[in-house]
Structure formats: structure tokens, C-alpha cells
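Asks: As annotated by TrEMBL, GTP binding site applies to R14, R64, T95, K156, R257, V258, R259. Sequence annotations record features per position, and here TrEMBL assigns [4Fe-4S] cluster 1 binding site to C21, C25, C28. Annotation comment: TrEMBL describes Y27, G68, S119, M190 as S-adenosyl-L-methionine binding site. Annotated [4Fe-4S] cluster 2 binding site per TrEMBL: C252, C255, C269, in sequence order. Residues annotated as domain 'Radical SAM core' in TrEMBL: 5-228.
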Amino acid sequence: MLVDQFGRTIDYVRISVTDKCDLRCTYCIPEGFRDFEVPQNWLTFDEIALIARNFTELGVKRFRLTGGEPLLRKDLPQLVEIIKKIPGVEDLSMTTNATQLSKHAVALRNAGLDRLNISLDGLSTSVIKEITGLNCFNKVYDGIMAAKDAGFEQIKINMVPMLNINDNQIEPMIQFCIDNDFILRMIEVMPMGHTGQQTQGKNLSDFLRQIYHKYDLIESTEVRGGGPARYWKSKDGKFTLGLITPISQHFCETCNRVRLSVDGTLFMCLGQNDDYALRDLIRSPDCTDEAIKSAIYEAINLKPKKHEFIEDDTKITRFMSMTGG
Ligand code: SAM
């Protein structure tokens, strides 16, 4: 078992398969940004599997593929298949912007992907263009429907509500999720990179108080997921809401995860700079499983107690896409 110095068990690893993305969401990758990791530094699928297997042998049960946009990485269903075959993997999920999903949904499902989170910040084509920099709503919508048709259940729709940008999209998004049996997950903006730092997100704890009675919500523990969201369900069972509130109500004391970036660096916390580079170790000719496990233990020891998004909101200069959201 992996237990950090604050007694938290680490059983969840998020794997970034690329730091590239086809969108330029205003709170994430800045327009014109080109400084992406070079391909020779990307972990290969075999290297990712080697690290994942060592994590499972230390008690990790859940993995999520993310990025950047994970579906920009060629042959991703192959990686899904490889990870799913590792003994001890109980849950493999992916977070995607869905622009490429209509092409890949069936292959991902057949490869064994268990769950999908899809990012969508509104239902208006112009709002989506304004946020993502691309006229991509129809492609994303088709991708979401393709995932539903491919048989993915409990699809979660990630929305980042921003003041005066897309907060008028919240009601239509709730209705869209009710109509399609999706779970709406709202995320507070984190001050990551200058993009995140310049964005004014919505306080979701206040928002919950505002809509609690309107939708007759009760707290729910039914939803599957290894992450930090807390869930509520309407009493009629039709609407499920998940909230991720790193700013208004942080959840660091229950943090159970670390992130592996595309170049093989383990990040211990989104809101701190502690990291541990694994790539050189796993590429050294005499690398053993024992050495990898001992490096993982050392890394977990670096996991900080909490983020400092509020105390020091300019500390994190990397964008979310660099760590793997
Ligand atoms: N490209 C994929 C996608 O769009 O879902 C996966 C990576 S993306 C970085 C993962 C999630 O992080 C998305 O839901 C995105 O909205 C969210 N995100 C990015 N920057 C953020 C920030 N500064 N604060 C909060 N959420 C952020």
C-alpha cells in the first residue's frame, strides 16, 4: 500500500498521454502556445504500462487517461487494452474534450475503457467558440452522443462555470444532462498558469446553496469515481450533480491520487510544484521493478499536505494541460 506522510492512501493515478490539445480553452492553454513536450520525451505505451503495473503492485486500483487531449495520441485504444490487462486494475477512465470521440468511442469501449468524463462548458455554439477558440460545438456534441451509443454509462459532463462567460449556460446544461441521463460535474477554476489565474470562476459551494431546494437535492454516494467530486441527486432521481470545489471547500485531506505527465514526471499535487522524474530511471538499461517501486515510495513521500491556491495564487505557472487535468 502507498501511504503518504499524512496518512492518505494513494490508490489512483492519472496518466497524461500528451500535453497537446486541439482546443485553447481560455482558462487552460494560452492562444499561440507552442512549447509542447518533444516526442522523444513522451513515455511509450510500454513505459506507461511498466509504471502502471508497478503502481498496481503497490495497491493502486484506478487509472485515468488524460492530457492535453488524450485522443490526439495515436492508437490510444491500444493503451487502454494494455492497461486493462494489468492485474489489479479495477477501473480505467478517460477525460476528453470529445472533438475526436465520434471516431474512437466504439474502439475505446471494445478495448475495455470503463468510464468517460467529457468536458463541455455550455450548449451555445458561440459560447463554446469563445471559450475554446474553435467552432467545435457540433463535433463535441456528436462525440458525446457517439459515446452514449457505444454503451458508456454514467457519462460525466465536466463544466467549468465562469462569471459572465458561461454561467447563463448552467440551466440549459442541467436540462441537457437530465434529458440524456448524464451526470453534470462542475469544477471551480484553479489558478494554474496565467490563464487559470486570470479567470474568475464561480464559487460552487454558494451555487449549491442556491439550487439545493430548487432541484430537491440530497447527497449521494451512488456515483462511481475515484476523484474528489461530491455528488447530489434530485429526490426524483433524474438529476445528478457533482461538484469539485478546490477553492471554496478544499478536499486535500482525502486526496488519494498522483499524476504522471507525458514525459514521465510524477506530480504530487495540482497546486504545488513537488515532482519526481521517472523517465531516466525507467530508460536506464539496468532498471528493475524494485528500483521503480522504491522511486514511487520516495515520490509519495513528497506529497504535500495541501495546495495553496488561495494563500499563493500565482505559485503554479504550469497550465492544467501540462500536468494532466
Ligand atoms: N482535454 C481533455 C478535456 O478537455 O477534458 C482532458 C484534459 S483537460 C486539462 C481536463 C479538465 O481540466 C477539463 O475538464 C478542463 O475544463 C479542466 N481545466 C483545465 N484548466 C483548468 C483550470 N485552470 N481550473 C479548473 N479546471 C481546469
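Quick reminder: no glycine exception, Cβ is built from N, Cα and C everywhere.
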Asks: Listed binding-site residues are C21, C25, C28, G68, C252, C269; which of them have CA atoms within 10 A of the CA of V258 (GTP binding site)?
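Replies: So the list reads C269.
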Asks: R259 (GTP binding site) has how many other Cβ neighbours within 10 Å of its own Cβ?
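Replies: So the number of other Cβ atoms within 10 Å of R259 (GTP binding site) is 21.
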Asks: Can you tell me the CA-to-CA distance separating C25 ([4Fe-4S] cluster 1 binding site) and S119 (S-adenosyl-L-methionine binding site), as a whole number of Å?
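Replies: Their Cα atoms are separated by 11 Å.
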Asks: Considering only the binding-site residues R14, K156, C252, C269, which fall within 10 Å of G68 (S-adenosyl-L-methionine binding site) when distances are taken between Cα atoms?
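Replies: Taking R14, K156, C252, C269 one by one, none has a Cα falling within 10 Å of G68 (S-adenosyl-L-methionine binding site).
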Asks: If you measure from the Cα of R64 (GTP binding site), which of the binding-site residues C28, C252, C255 is the nearest?
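Replies: Among C28, C252, C255, C255.
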Asks: Whose Cβ lies within 8 Å of the mean position of the Cβ atoms of C21, C25, C28, the [4Fe-4S] cluster 1 site, other than those residues?
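Replies: Near the [4Fe-4S] cluster 1 site, beyond C21, C25, C28, sit L23, R24, Y27, I29, N97, T132, F319, M320, S321.
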Asks: Between T95 (GTP binding site) and C252 ([4Fe-4S] cluster 2 binding site), what is the CA-CA distance rounded to a whole number of Å?
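Replies: Between the Cα atoms of T95 (GTP binding site) and C252 ([4Fe-4S] cluster 2 binding site), the distance comes to 21 Å.
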Asks: Filter the candidate list Y27, S119, M190, R257 of binding-site residues, keeping only entries whose CB is under 6 Å from an atom of ligand 1.
Replies: Y27, S119, M190
